[in-house]
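One structure below.
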Amino acid sequence: MGWLTKILKGSSHKFSDGQCNGRYREDRNLEGPRYSAEGSDFDKEEIECAIALSLSEQEHVIPQDDKGKKIIEYKSETEEDDDDDEDEDEEYMRAQLEAAEEEERRVAQAQIEEEEKRRAEAQLEETEKLLAKARLEEEEMRRSKAQLEEDELLAKALQESMNVGSPPRYDPGNILQPYPFLIPSSHRICVGCQAEIGHGRFLSCMGGVWHPECFCCNACDKPIIDYEFSMSGNRPYHKLCYKEQHHPKCDVCHNFIPTNPAGLIEYRAHPFWMQKYCPSHERDGTPRCCSCERMEPKDTKYLILDDGRKLCLECLDSAIMDTHECQPLYLEIREFYEGLHMKVEQQIPMLLVERSALNEAMEGEKHGHHHLPETRGLCLSEEQTVTTVLRRPRIGAGYKLIDMITEPCRLIRRCEVTAILILYGLPRLLTGSILAHEMMHAWLRLNGYPNLRPEVEEGICQVLAHMWLESETYAGSTLVDIASSSSSAVVSASSKKGERSDFEKKLGEFFKHQIESDSSSAYGDGFRQGNQAVLKHGLRRTLDHIRLTGTFP
């Protein structure tokens, strides 16, 4: 009893005062409600201790004088009633405790539901923003294509520029000459200012007559005094002004694109970037970026890699240059496969190598399908020694990479797959898609798939590369998994990297476009067949069908 008294001295004092002259029952009933009202300030343990203390004091009060005897006698006479009251008090206190607990649970549940509702609304709002942005980008691409078509039409129209002359003249060098006879002024209203044209010089063209100062170029707003002028949408232009506004310019040399021997304006345009350039740049050695394929403009310098490739500065911004730097991305690709329930159990070495080392390794490989203009990744099955890029090079004079450290690496075969080799110096998204492609080769070999035709093996590998790019494009938003029946929605761990630049997002769309528009039989046709199969049947059923038949379903 000592430790209870120490904790609840106030409560002990109040209950002991209520035990004299037979008024214990009445005082306890008065004290009970007040105590329950204050009980919200105590936790359950304090209330239970108070009840135990009260009961203990009632049972152990044994006075020694005559008055004490009276009290004891009174208690024994009313002992049964007191027990009932005590039971009622305990029941009341327990009811209060249960009510308080229920209220706490209800409030907590309401708070949880409110928080979940708020998060769901925030997620929905974010998804709507991303979808709106995607629609905006699609609209911009559509407008770019429309603008390109309009440029082509304008280029043709330029060849048929309108030659407008005045009525028969005495001086052929003067476009502004009077009529050989007088016309009443009421019959001559200037199309430009709607005022009458009096006696004097005037210009007759475009189905009307003009004051010389009213017939102006729509671009520079200066009078057109030349014998010839150009038209666009019923608006007149100086020939030079029209050319400046509507004649296509080369995005590489920044000059007007010249006409061909037939007198027509002919130029090339990249199907994705819409970069316009003179046909001559395809023959004069103008370099292209090895990643995005854009030509190098004359006022911009591309970075020169050790193996001769050139890299634009935008692609350089996210380029992966050595094996160590690529390891986090390699782990992300493995996590991507785990999310598809296609975990690669074997720890396969992954190395970044130069182009020469990749070509040598490809020659030593006994089997494989490599029909691309340039091999950028390889899944090895044979023991070889390859040279890997050990340390990231730095940029030296003339935008050349220098001080790159390499070392030979002996690859020992411990399973069906020896290593995965990736070409160094490519942007993160391109490196990741190549890794996802080669990882699928490894998965097929480690899981006992038979020797497949190139269209089937390369096609399904391209499907996985495309799926990874899709997950990167929509990272952080709601994904509709294209392999819906085979796995849950896959969100790449790269979504933790934060917001990517607009160019990197555009670059991801370009790499998807490359896969989708590939014209080769193994990679292009194979991807389109495999992608249709996955969309229709799901990834898991497609893989099961390939295992059984060696073909797409």
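Using N, Cα and C of the backbone, Cβ positions are placed for all residues, glycine too.
Swiss-Prot annotations:
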REGION    10-41  region 'Disordered'
DOMAIN    42-61  domain 'UIM 1'
COMPBIAS  62-77  compositional bias 'Basic and acidic residues'
REGION    62-91  region 'Disordered'
COMPBIAS  78-91  compositional bias 'Acidic residues'
DOMAIN    87-106  domain 'UIM 2'
DOMAIN    122-141  domain 'UIM 3'
DOMAIN    149-168  domain 'UIM 4'
MOD_RES   Ser166  phosphoserine
DOMAIN    188-248  domain 'LIM zinc-binding'
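Mean pLDDT for the domain 'UIM 2' (87-106) in this predicted model: 88. Shown for the domain 'LIM zinc-binding' (188-248): DSSP residue counts in helix, strand and coil, namely 8 helix, 17 strand, 36 coil.
Each residue in the domain 'UIM 3' (122-141) gets a DSSP state, and the totals come to 20 helix, 0 strand, 0 coil.
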